[in-house]
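**Student:** So TrEMBL lists the following for this protein:
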- 260-352: domain 'Transglutaminase-like' (DOMAIN)
- 268: active site (ACT_SITE)
- 326: active site (ACT_SITE)
- 349: active site (ACT_SITE)
- 389, 391, 439, 444: Ca(2+) binding site (BINDING)
C-alpha cells in the first residue's frame with residue numbers, strides 16, 4: 001500500500017531566523033550547513049520507532065560522493081555526518097532537529113523518511129548553503145559585522161575613474177530578491193564542469209575553492225554560454241551599454257528569461273558585481289575590489305609594453321595593456337591545499353582576460369601569496385601578481401623600419417589605490433598594502449625579484465639591471481600635464497603642458513600632442529585633437545603651455561567611460577625623446593535625490609529626483625531608471641521631457657518600502673548628451 005503523503009511543517013520563520021536566511025523571499029526552507037534546523041511532519045504510525053531519514057542531492061546521489069545521507073534518530077547531533085534528534089512527538093506528528101555536517105555539499109536537497117520496512121515518503125525539498133557564522137565551515141568569518149556586509153548586504157559601492165581622480169557608483173547586488181537563488185543554482189548546473197561529469201561536479205560543491213573557480217568561468221559567456229557577454233569595442237548595438245546597469249538582478253533574470261542566452265553587455269565591474277551576487281547568495285563572503293592602473297600582462301613576463309608613434313599616438317601593438325581601473329572579487333575561505341597562512345581573502349576574477357586551464361576563469365589566488373610573490377601557487381597567481389606589480393616599458397615604434405626604441409620604464413606605475421567599500425559604511429577603504437609592500441621599498445623590489453625568479457625570468461630583461469641595447473639614457477627635459485579648471489562633461493577641458501629643461505644649456509624641443517577619447521581600458525576610440533609646437537628652453541627653465549579642448553570638439557567623440565588620453569611626445573634636438581601622458585576621466589554633472597517625509601514599511605513615500613541641464617543646448621531622450629532592494633519591485637523606468645539650456649527637471653516618484661532598516665535607492669539618468677549619470681541615496685526605513 002502506498003504510504004500516505006505526510007504534511008510537513010518546515011518552521012520557515014524560526015529556521016530562517018536561526019540560519020540568517022530571513023531575507024530570502026521563498027516558500028522553500030533555506031538553511032546553512034553545520035547547523036540544526038527543525039522540521040515537523042505527521043502521517044507516520046508510531047513515529048519514533050525505526051524512523052530513517054534520507055537527504056540527497058544531485059542527479060545520482062550516493063554515499064561515496066557524499067550526495068546521499070541516511071540517518072536515524074540519535075540522542076545528540078553528530079559532529080561528523082548528518083543526524084536527527086527527536087524534539088517532541090504526539091500520536092500523529094513528530095518534530096525532529098536535523099543537522100548537516102560542516103562540509104556538506106551545498107544545493108537543493110530532497111528529504112524523505114522511511115518507517116520500518118515501508119518505502120520512503122517524501123517530506124519535500126530544502127536548500128543548503130555555506131555558513132560563515134559557523135566555526136567549522138571553510139567560509140567561517142569570525143567578525144559578525146563582516147558577515148552582515150559580505151553575505152547579507154544587498155547594496156555595494158564600486159570604485160572607478162582613475163588613480164588621480166577616484167569616482168564611485170552604487171550597485172544593487174539583490175542576492176535575496178525573487179528568483180535569484182534558483183538562478184544561482186541553475187548557473188552551477190550549466191557549467192562545463194557539470195556538463196562533462198555531473199556526479200563529480202556536484203560532489204565538489206562542498207568546497208568554496210572549487211565553486212569560486214567554476215563560477216568565475218560561468219559569470220562570463222566565453223566557453224560555456226555563461227551569464228554576461230563582454231564587449232570592449234565602444235559600440236554596444238544589440239544590447240545594453242555596460243555602464244547603464246545598476247544592479248545584478250536584471251542581468252540574472254534576463255539570462256534566465258532568454259533561455260540562458262548570455263546577456264549583452266558587460267565590462268569588468270559588471271562581471272565582478274554579478275559574481276558578488278552569486279557568491280553572497282550561496283553564503284560565501286565576497287566583495288568587489290578596484291585596482292587602479294591595472295596591468296593586463298598577456299605574456300606572463302611581469303612587464304607591460306606600450307608603444308607610441310612619432311606623433312605621440314598610443315599604438316595598439318602587442319597584447320599587453322594598462323587599464324585605468326579593473327574590478328575583481330575577493331572571497332573569504334580557507335586554503336587547505338596551501339596551508340593556513342594562505343587562507344582568508346582569495347582573488348577571483350570573472351572578467352574574461354586570459355585563459356586558465358583552457359577556459360576563461362581566474363582564481364582563487366591567495367591574496368597573501370600575491371603580496372609575498374608566491375606566483376607559483378594555485379590558481380593564476382602570476383596573472384594577479386602582474387595586475388598589481390608589473391613594470392611598465394614605454395617604446396617609440398617606427399612602423400616604416402619596425403625599429404623600437406625604449407623611451408623610459410617605470411616600476412611604480414601599476415597597482416595604485418586598491419579600493420573596496422568599508423564595512424557598514426558608504427566609504428572607500430584602501431587595501432593596497434594587503435596586496436604589496438610599499439612602492440619603491442627594498443621589500444617590494446625583493447618580492448618582485450622573487451616572483452621573476454620563480455617564473456624563470458631572472459636572466460631576461462629586468463628594468464633594474466638593463467642590457468646594453470635597452471639602457472635608458474637620462475632625459476634632458478621633464479614634462480607633465482597639469483589640469484587647469486574643472487573636469488566636467490559639458491565644460492571645456494583646460495590643461496597645461498609643463499616642460500622643464502634639466503640641463504645647463506638651452507634646448508630646442510619639438511612637441512607632437514594628441515588627445516584621444518578612450519575606453520577605461522585605455523583603448524583608443526576617436527581622435528579629438530592634435531597639435532605640434534616647437535619651443536626653446538633656456539638653461540634650467542620651466543615653461544607652461546596652455547591647451548584648451550572645447551566641449552563641441554570632444555562632445556561627439558567621447559565614450560560613455562568619459563575618458564581622454566592626452567600625450568605629448570617631445571623630440572629634443574640631439575637628445576632622447578620624452579613622453580608626457582595623462583589619462584583624464586571627466587565627471588558627469590550631478591543629480592540629486594531627496595526623500596520627502598518618513599519612509600515606513602508598507603507605506604507610500606515620495607522621492608524627488610532633480611537634474612539641471614548644465615550646458616547651453618537642449619538635451620533630449622531623457623530616461624530615469626530607479627532600483628533598490630526592498631524599496632522598488634524590479635526597475636522603474638521614467639521618460640522625462642527634453643530640457644532646455646540650464647533648465648531644471650524635478651521628477652517625483654512613489655515608493656513603498658517592504659522591509660525596515662537602512663536601504664539604498666539607486667538612480668541612473670541618461671540623455672543624448674550625458675550617459676549614465678548615477679547616484680544613490682540611503683533611505684532609513686522604519687516599522
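Keep in mind that glycine also has a Cβ here, set from the backbone N, Cα and C atoms.
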**Student:** A 10 Å Cβ contact count, applied to the recorded positions 349, 439, 444: which residue has the minimum?
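**Tutor:** So among 349, 439, 444, the recorded positions given, the one with the fewest Cβ atoms within 10 Å is 439.
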**Student:** Quick one: of the active-site residues 268, 326, 349, which has its CA closest to the CA of residue 389 (Ca(2+) binding site)?
**Tutor:** 326
**Student:** Of the active-site residues 268, 326, 349, which one has its Cα closest to the Cα of residue 439 (Ca(2+) binding site)?
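**Tutor:** Checked the active-site residues 268, 326, 349; minimum Cα distance to residue 439 (Ca(2+) binding site) goes to 326.
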**Student:** May I ask which residues of the same chain, at least 6 positions away in sequence, place their Cβ under 8 angstroms from the Cβ of residue 326 (active site)?
**Tutor:** 268, 290, 291, 294, 296, 351, 387
**Student:** Including all protein chains displayed, how many Cβ atoms other than that of residue 389 (Ca(2+) binding site) lie within 10 Å of its Cβ?
**Tutor:** 25
**Student:** Is it possible to list how many residues within the domain 'Transglutaminase-like' (260-352) are helical, extended or coil according to DSSP?
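**Tutor:** Going by DSSP assignments, the domain 'Transglutaminase-like' (260-352) contains 18 helix, 41 strand, 34 coil.
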**Student:** Around the Ca(2+) site (389, 391, 439, 444), what further same-chain residues have their C-beta within 8 angstroms of the site's C-beta centre?
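**Tutor:** Near the Ca(2+) site, beyond 389, 391, 439, 444, sit 411, 412, 414, 415, 436, 440, 445, 448.
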**Student:** Comparing the recorded positions 268, 391, which residue's C-beta has the most other C-beta atoms within 10 angstroms in this structure?
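**Tutor:** Per the Cβ count, the most surrounded site is 268.
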**Student:** Rounded to the nearest Å, what's the C-alpha distance separating residue 444 (Ca(2+) binding site) and residue 349 (active site)? Just drop the number here, would you?
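**Tutor:** Their Cα atoms are separated by 24 Å.
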**Student:** Please report the Cα separation of residue 349 (active site) and residue 391 (Ca(2+) binding site) in Å, rounded to an integer.
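**Tutor:** Checking the Cα atoms of residue 349 (active site) and residue 391 (Ca(2+) binding site) gives a distance of 21 Å.
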